[in-house]
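Taken from TrEMBL as is:
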| type | residues | note |
| --- | --- | --- |
| COMPBIAS | 66-75 | compositional bias 'Low complexity' |
| COMPBIAS | 76-97 | compositional bias 'Basic residues' |
| COMPBIAS | 101-110 | compositional bias 'Basic and acidic residues' |
| DOMAIN | 4-62 | domain 'Tudor' |
| REGION | 53-110 | region 'Disordered' |
| TRANSMEM | 207-228 | transmembrane segment |
| TRANSMEM | 254-273 | transmembrane segment |
| TRANSMEM | 294-313 | transmembrane segment |
| TRANSMEM | 325-344 | transmembrane segment |
| TRANSMEM | 455-475 | transmembrane segment |
| TRANSMEM | 481-500 | transmembrane segment |
| TRANSMEM | 521-542 | transmembrane segment |
| TRANSMEM | 562-581 | transmembrane segment |
Amino acid sequence: MPNQRYADGEMVMGRWPGSVLYYEVQVTSYDDVSHLYTVKYKDGTELALRESDIRSQSSFKHRKSQSSSSSPSRRSTSRSRSRSRSPGRAGKGRRRSSSQGREHKDDKKKTIQETNLALLVLGLLFKPSENNARRYNGEPDSTERNDTSIILEHKLKPDLDIKRVLEQYSLHPIKEKKKEEIYPEKKIFETTKTIEKTSSKTKELEFGGRIGTFALILFLPATVLHLLTMCEQDDPSLLNFPPPLPALENIWEARVFGIFLLWFFLQALFYLLPIGKVVEGLPLSNGRKLQYRINGFYAFMMTAAAIGILLYFQVELHYLYDHFMQFAVSAAVFSMGLSIYLYIRSLKAPEEELAPGGNSGYFVYDFFTGHELNPRIGSFDLKYFCELRPGLIGWVVINFAMLLAEMKIHNQSMPSLSMILVNSFQLLYVVDALWNEEAVLTTMDITHDGFGFMLAFGDLVWVPFVYSLQALYLVSHPTAISWPVAAAITILNCIGYYIFRSANSQKNNFRRNPSDPKLANLKFIPTATGKGLLVTGWWGFVRHPNYLGDIIMALAWSLPCGFNHILPYFYVIYFICLLVHREARDEHHCKQKYGLAWERYCQRVPYRIFPYIY
């Protein structure tokens with residue numbers, strides 16, 4: 001068993017990962033099992049390094065003294081040669097020597113400037129993120145872009161940045177031979193790029209891999225049909241299984257499919273209108289930032305105006321309730337066709353535009369999870385559009401249609417109190433999402449997951465037709481509740497919403513601008529990626545506190561339906577299962593991404609929403 005070579009607390013020189021540059025670090029600990037040293041850089045970053053990546057400070061000082069001792073000998077040799085000139089040529093030789101000396105000094109000065117500038121650029125490219133740490137502490141940094149992934153961006157294209165800086169200062173290009181000597185990292189860069197390109201394949205498969213994703217492609221549409229069929233039964237008990245299969249004419253109608261297409265393209269038209277601000281998303285793996293138009297709330301208001309016009313002309317919106325199954329099937333068929341189109345176009349997408357979680361090389365898995373990260377038709381972002389527009393706004397329209405259907409079927413002048421609560425709670429949730437539309441740009445759906453069947457079916461089918469299950473249930477199974485019970489349920493929903501919104505606001509604001517004075521009271525743990533992990537506020541109380549708010553709200557949405565059947569609580573059960581998966585995925589992702597910093601965060605925040613599930 002190898003012994004520990006460097007003692008704890010010893011100051012050594014540690015190599016920064018991905019480069020050949022060494023920085024002064026302090027050894028904090030040594031792992032006898034993995035034989036890795038935990039070292040701490042001056043900016044507070046902690047990394048685990050191998051012994052081969054660590055050098056003693058004495059070895060660096062010895063090399064420096066050797067290089068400095070060799071230069072005087074060369075200068076003395078030059079002087080001795082100039083002194084050996086014959087006395088008869090002294091005047092001419094002195095003038096020539098003076099002229100050549102000035103030229104030699106000028107050339108040497110230019111070479112030194114080029115070399116120093118090149119080394120300065122390399123230092124900026126690979127130096128641990130001192131500027132990021134300075135920005136986290138609230139200190140202004142006018143020379144740095146507000147980009148937490150700038151180090152990653154520079155690592156991917158260092159030669160381009162060096163060339164840009166040299167051209168900016170109008171420096172003469174360095175000869176190829178000298179460039180090879182000054183930048184020996186070039187081969188390392190090319191090797192690193194090759195490794196990253198070959199290792200960009202998705203290795204860890206979720207959802208049960210190929211077999212699991214194939215089963216989900218069949219299981220999800222069948223689940224939606226089963227839930228909608230059960231809601232139409234007089235006794236929607238789970239014991240009444242299987243329910244009678246609907247007739248073919250009750251599943252498909254061309255006119256309904258045409259109305260769905262009209263709805264989809266109407267929302268696309270609202271999305272393309274030049275209203276609302278344009279913002280940049282988070283940096284991609286290549287450092288590029290995509291632009292998004294934030295006008296979801298305007299689209300919602302225009303949709304509400306269109307619904308008002310239809311009511312004014314006495315268009316029967318309960319048509320949606322009468323053909324609800326057919327609308328769900330139409331949406332499922334459309335989402336399948338959209339998924340096929342997305343996969344075919346992703347085959348021609350560059351490697352850097354593929355989703356990190358959907359590039360396994362297996363057709364079924366990549367088709368389900370999404371092969372391309374941000375598929376766009378010009379400036380029209382398909383994933384971002386489907387994330388909030390057709391399905392989320394359609395959810396509110398469906399709930400409203402169910403409210404009108406309840407009044408008509410039961411001959412009521414006013415909707416029931418239960419229906420009002422369900423519509424109000426879910427309307428608040430949708431309006432909040434659209435009002436804070438910019439926050440969705442920091443979610444894993446946008447930054448990590450590709451756009452395939454999973455998101456297409458989820459956005460266009462699952463959200464509008466499963467999330468509205470409580471309203472659909474109340475049409476066929478009216479439930480009366482008292483005002484005190486309604487008040488208690490309302491308070492419960494408000495508590496969940498407050499946790500959900502405040503936790504998400506803290507996270508989104510910190511991700512976008514960590515130096516915001518409004519966040520000065522928040523503490524965080526710096527990481528090697530340049531980002532910080534919050535350890536105060538809601539995120540210092542429990543991990544993923546926004547999930548806690550989601551669960552409380554989901555329960556409040558189901559309670560107005562009473563306790564006669566478990567069907568209205570399907571959403572709660574599904575949501576808990578979904579959040580268990582997401583929390584486990586986030587824990588694994590953060591552990592790989594942040595390393596030792598995530599372990600420190602887990603020690604500071606030991607509580608989880610589902611502590612005994614995984």
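Backbone N, Cα and C atoms are what each Cβ position is placed from, and that goes for glycine too.
Keep in mind that what you see is a predicted model, and the values were worked out from it rather than measured.
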Key: Residue numbers, six or more beyond the limits of the transmembrane segment (207-228), whose CB comes under 8 Å of its CB atoms   = 242-243, 324-325, 328-329, 332, 362, 364-365, 367-369, 453-454, 457, 461-462, 465-466, 469, 472, 567, 570
Inquiry  = Under 8 Å between C-beta atoms and at least six residues away from its ends: which parts of the chain pack against the transmembrane segment (325-344)?
reply    = 221, 224-225, 228-229, 246, 250-253, 256-257, 259-261, 264, 363, 366-367, 370-372, 375, 382, 451-453, 456-457, 459-461, 464-465
Inquiry  = Can you work out which residues elsewhere in the same chain, 6+ from the ends of the transmembrane segment (254-273), have a Cβ less than 8 Å from its Cβ atoms?
reply    = 293, 295, 298-299, 302-303, 306, 323, 326-327, 330-331, 333-334, 380, 385, 389-390, 393-394, 460
Request  = For the domain 'Tudor' (4-62), provide the mean pLDDT of the predicted model.
outcome  = 80
Remark   = In the same chain, residues at least 6 away from the ends of the transmembrane segment (481-500) whose Cβ sits under 8 Å of its Cβ atoms read 417-418, 421, 425, 428-429, 432, 538, 545-546, 548-557, 559-560, 562
